[in-house]
């Protein structure tokens, strides 16, 4: 008796892999690897402006930037699209303060979030499925 098994592989781009980590999955049909995690903290000097108040000198403001894995793949077994989503987000933050000088000459303290660490994390779309287009109702 001959049995045919159809395997659908997720999208694969070797440029998204850590060097030397490309292997086959458990079925031996699909290529997999350890993804590069180029999700990292980005620093930028900027003047902070809030209402009519401004910092006297540039402040280092941080954010998370980088590439994380995501895919949308058709599942024949479920007859729907299966989604896997990750995004580059902050995992550790702290509050910083800067003194702002306002147009009227007064000074105010302003608190802002400083990103200390980032990594790729799964989002809510990982468990979602799409079976038909959704329509938005206008207001």
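Keep in mind that glycine also has a Cβ here, set from the backbone N, Cα and C atoms.
Copied over from TrEMBL:
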type	residues	note
DISULFID	53-102	disulfide bond
DISULFID	64-118	disulfide bond
DISULFID	68-120	disulfide bond
DOMAIN	39-126	domain 'CTCK'
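Mean pLDDT, taken over the domain 'CTCK' (39-126), works out to 87 on the 0 to 100 scale. Listed in sequence order, 51, 52, 53, 54, 108 are the same-chain residues at least 6 apart in sequence whose CB falls under 8 Å from the CB of residue 102 (disulfide bond).
Other Cβ atoms within 10 Å of the Cβ of residue 53 (disulfide bond) number 17 in total over all chains.
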